[in-house]
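S.K.: I'd like to ask some things about the structure below.
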Amino acid sequence: MIAGLVLVVLLTKYLQRVFLHPLSKFPGPSIAAVSHLWEFWHDWVKNGTFLEGVADLHRSYKSPVVRIAPNHLHVNDVEVYHQVFKVNTNFYKAPYFYEAFGFATSIATITNPHRHKPLRTTVAPMFTGTAVDGMSDEMYDMVRKATDLLAARSTGTGNKFNVMQFLRCITTDVSCNLIFGETLDLVSNGYHSDRFLGNLDTFVENVWIMVHAPWIAQFALMLPNSLTDKIVPGYAYFREQCISWIDKVRARRAKGITLMRNGRPTLFDVLMDDNPDKNYKVPSKSELIDQAFLFAIAGTDTTSMATTFAVFHILNNPAVRERLCEELRGASAIIRDQYNYREVRKLPYLSAVIKEALRMSSPFPGRLPRVVPPEGMKLDNKFVPGGTIISISSRCIMDDPKIYPEPEKFLPERWMGENAKSMDRNMIAFGKGSRSCLGTNLAYLKMYTMLSTMFCRWDLRLVSPTDHKLRYLDHALIEMKSQVVVEILADHWTT
């Protein structure tokens, strides 16, 4: 009898979700109407293939809106994106998703806008255009040091290196210095000299377990680190590293040292001071650890990944490579002789290459769930009630041929034509609105400096991937599956 009652309840729930639910008017697979198994299948079982799966749904159903879970719609419409992702939006981040990653109170994952605003306005001055311009000499010094060390290892018969590993050493050291006032010395000692990046990779590889089985993750975080690491690999070490950094900042501040040698405070010096004007109070240590976790991830992988995409596509397109190298070598006075970031970022073809690389990489490529406000909204001329979760993936927008013709091709020239302004409006690599990426200016500084130095200095050849295809997975961040390896054929700064 109990089994029969359970069957009736399940059947009733099935019929309600498939036929009577407010979202039943939207197309999608039946399994998505009754459970979260469609998302789980692509995220976990098929390992980060959500983007491929959702793109197939939009094509198969010929609809800009598809149902991917009982109360969750995926939207592929750039105008809806601008409606949702705007300043003072009332489409708030969905707690089930953002609070699951293990750093729920960070500036990127906190869902309450009233808690987010004081935090953002307090740290935002560190990331303004003027503030970032002031970091350009330090950024160039780090890139120059990295390229000098790599060139010194050349035997004269060619020097091959993994682009992503090389760039991550730079971005990690730069970001850690900005955030905490110290580096891991990866540029000097090499990619494998510290466990930090390996544990970050392990955490990202397993991140979906925290979203789809949050109770497992919550249980794991209550255990000793050795056991936590078996359930959520990489997380415990990464958090330990963040604690160590914070403790060092506190110890330094206890000695009265609140500014670095460059005369600027670190990000954590700012976070460790109350700011009554911004209604900001120093949070608990646990919340500070969440901030460290987020900023360390964001500063390490996003720009190194986008720049790796750029290097691959530049070398995979001889005409692009030749035009870029010609522009950069003609500007060696502002790159090699005396680096001038303000002038470098005015270089038109380099700027176009960077925009196209960002379009094709989208460091946060997948769904960014938001909660529909109480008054509801219309999608595809159908009413969607408040409380519904809607997602829009930047990768789908960036691959839309109506916005970017021939989106599969790397075409920097598209950013130099008459449609550049409209395309700029739809460039969403860093998000839009109140919750857009705080580090956009810093990301551009890193990309401009790394690419201008590498291609002004070196003649490079693409060694792998040999099939000239770049493969990646959606693990919230892009996880690179292709190893981009290049060879230095000539060094124009040592001849």
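Here the Cβ of each residue, glycine as well, is placed from N, Cα and C on the backbone.
The heme binding site annotation in Swiss-Prot covers Cys437 and is backed by similarity to another entry. Per Swiss-Prot, N-linked glycosylation site is recorded for Asn47. Marked as transmembrane segment by Swiss-Prot: 1-21.
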S.K.: For the C-alpha pair, I'd like the distance in angstrom between the residue listed as 'N-linked glycosylation site' and Cys437 (heme binding site), rounded off.
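M.R.: Here the two Cα atoms lie 26 Å apart.
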S.K.: For the residue listed as 'N-linked glycosylation site', just count the other CB atoms lying within 10 A of its CB, please.
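M.R.: By my count, 14.
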S.K.: Provide the three-state secondary structure of the residue listed as 'N-linked glycosylation site' computed with DSSP.
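M.R.: Going by the DSSP assignment, the residue listed as 'N-linked glycosylation site' belongs to neither helix nor strand, so it counts as coil.
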S.K.: What number of additional C-beta atoms lies within 10 angstroms of the C-beta atom of the residue listed as 'heme binding site'?
M.R.: 18
S.K.: Which state, by DSSP, holds the residue listed as 'heme binding site': helix, strand or coil?
M.R.: coil
